[in-house]
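Engineer: My questions will all concern the structure given below.
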Amino acid sequence: MLKMGFVGWRGMVGSVLIQRMIEENDFNSIEPIFFSTSKAGKTCPIFDAKIQNAYDLNKLKKLNVIITCQGGDYTKRIYKSLRNSGWKGYWIDSSSKLRMDSNSIIILDPINLKIIEQSLDLGIKNFIGGNCTVSLMLLSLGGLFKNNLIEWITSMTYQAASGAGSKHMIELLNQMRILGNLVKKNNHAKSILEIDSKITKYMGSLPIKNFGAPIAGSLIPWIDQKMDNGQSKEEWKGNVETNKILGFSPNTIKIDGICVRIGAMRCHSQAFIIKLKKDIPLYDIESIIKEHNPWVKVIKNDSNSSLKKLTPAAVSGTMSIPIGRLRKLSFGKKYITAFTVGDQLLWGAAEPIRRMLKILVNR
Ligand code: NAP
């Protein structure tokens with residue numbers, strides 16, 4: 001049985017990964033060992049085992065596989081020393097730290113299983129989960145990618161608070177509570193303007209330790225660091241990661257857009273404008289999309305269906321990746337638009353990692 005060490009299992013991605021592994025009985029076929037950067041020595045609530053120190057190289061070196069959902073700083077601190085010490089196990093990581101390295105594969109098996117299998121045969125040992133919006137975009141438009149129909153895409157994202165981690169979720173809830181309580185106290189206000197001006201006044205004094213700006217009742221049009229070309233790093237990932245996952249050289253398919261954090265708790269949404277390589281009837285586009293994988297669902301382009309099936313509230317906690325608002329744009333016959341929503345903690349993070357573990361176990 002493979003000895004698998006889990007680091008970062010207490011966080012958002014890690015907890016969802018463990019939940020999915022329990023649901024799928026994955027723990028029956030591995031020997032799990034739980035690590036933490038802050039809770040070493042305590043008892044793991046999942047399997048009643050002692051939690052190990054995630055910085056202890058000697059303990060880590062004994063593992064066949066390390067799964068880290070801890071974040072890039074941990075990878076930066078541990079990965080090189082571990083490899084330098086001669087460790088030859090599989091490193092599976094949800095952070096972006098090693099994603100673009102030449103000896104790393106970005107894992108999204110419904111899209112690139114062949115590349116994963118080939119690289120395992122070649123002895124590659126680093127398998128890294130993709131950026132959440134990139135993975136969700138690829139799964140929602142998988143059929144169009146597979147049939148080589150896309151010339152370029154702009155993706156405008158609406159990304160949930162949980163995409164930034166557990167502390168950010170708590171901050172969003174605290175901000176919502178503060179704003180909500182102001183309204184409660186103001187229930188008998190004479191006019192909506194009174195409520196509105198009170199909210200606006202307090203918006204500036206909300207706790208913003210993690211987000212850097214109010215997110216409840218607002219949005220933040222910037223995610224991650226600035227790149228030299230004016231993109232945010234989140235926007236840069238759209239192009240480079242998509243092409244790498246598909247096995248293309250950079251910029252083969254052009255993807256660009258603006259990434260925005262919104263006050264949704266869970267699920268990333270994206271609005272696409274796509275230029276196709278040829279004019280195809282909308283009906284055929286819908287068929288190509290829905291036939292690609294079991295999780296993508298084409299939603300009728302009407303108000304009722306969109307409200308019922310195409311919102312974070314409807315999709316959170318599910319494996320479905322609905323795509324709707326599909327229509328031809330007035331710009332020309334090769335231009336289409338679409339809107340998709342997906343749970344960024346499931347298909348956007350934990351599920352590709354869980355499925356990679358299965359691939360290793362089954363080899
Ligand atoms: P997170 O929720 O902030 O958790 C990371 C670690 O923080 C935990 O494993 C835990 O480690 C520690 N921690 C400190 N206080 C905690 C608390 N109150 N509750 C739970 N954990 C706490 O981070 P994450 O969102 O899971 O992201 C992990 C990595 O995955 C990042 O590199 C991120 O970029 C990437 N990723 C995230 C998403 C997403 O949707 N969130 C999607 C794709 C990729 P210790 O046990 O060691 O203290």
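Glycine is treated like the rest: Cβ placed from N, Cα and C.
So TrEMBL says this about it:
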DOMAIN    3-119  domain 'Semialdehyde dehydrogenase NAD-binding'
ACT_SITE  Cys132  active site, acyl-thioester intermediate
ACT_SITE  His268  active site, proton acceptor
Engineer: Roughly how many angstrom lie between the C-alpha atoms of Cys132 (active site, acyl-thioester intermediate) and His268 (active site, proton acceptor)?
Structural biologist: 8
Engineer: With DSSP, how much of the domain 'Semialdehyde dehydrogenase NAD-binding' (3-119) is helix, how much strand and how much coil, in residues?
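Structural biologist: When I sort the residues of the domain 'Semialdehyde dehydrogenase NAD-binding' (3-119) into the three classes, I find 44 helix, 28 strand, 45 coil.
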Engineer: Across all chains shown, how many C-beta atoms besides its own are within 10 angstroms of the C-beta of the residue listed as 'active site, acyl-thioester intermediate'?
Structural biologist: 28
Engineer: So what sits near the residue listed as 'active site, proton acceptor' in its own chain, CB-to-CB under 8 Å and at least six residues off in sequence?
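Structural biologist: Spatial neighbours, sequence-distant, of the residue listed as 'active site, proton acceptor': Cys132, Thr133, Leu136, Thr157, Tyr158, Gln159, Ala160, Gly163, Val341, Gly342, Gln344, Gly348.
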